[in-house]
Amino acid sequence: MEKLFRCVCMLFIIKYGTVNADCGVISKDDWDGLTPVHVEYLNRPVQLVIIQHTDTPPCLTDDACSARVRSIQDYHMDTLKYWDIGSAFLIGGNAKVYEGSGWLRVSVPTHAYNRKALRITFIGNYNSHQPTIEQIDALKALLRCGVNNGHLDSNYKIVGHRQLMATDSPGRKLYNLIRRWPEWLENVDSYKQ
């Protein structure tokens, strides 16, 4: 009975578009995103947030960021054969948050931890550049909204992408910043299984 209730609630949320309510997120429709080829739903509330970067040049305007997000989605779906763009949300250099797979869906099904986490991606390369205060504020507002709307557990943890696989993502500067946050999780062994 509980599963039926959860399914009905999920369908209501999807149908009536309140998933990103009050989060200030640029919707997939607004950046002209493609429909996913397959959907798998996350168990909510999610307890883990993975921070990563695109390792691309930054985007600074609304048009440039929308174009970059479309390009990333095309690459993920056409070349990597992902179901959708590989991030739940992306944050541009314009400090706006772009909807990827969103709060409800698994973004990349290739690793077990992706079925337990939200990936939030900063557009740009943060090995040599610091994220702006506005970008960090956008991330924190998104996370607060996720908690307030029941998408994120109130005791969620944050990790850098590099903790889960061999990559330099989210970049040295961004990684150093998130490591100082109270939500930081050092030991990710339980998520790698």
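Keep in mind that glycine also has a Cβ here, set from the backbone N, Cα and C atoms.
Matching TrEMBL disulfide entries to the candidates Cys7, Cys9, Cys23 identifies the partner of Cys145 as Cys23.
Over the domain 'Peptidoglycan recognition protein family' (23-165) the predicted model carries a mean pLDDT of 94. Just so you know, the Cβ of Cys65 (disulfide bond) picks up 23 other Cβ atoms within 10 Å once every protein chain is counted.
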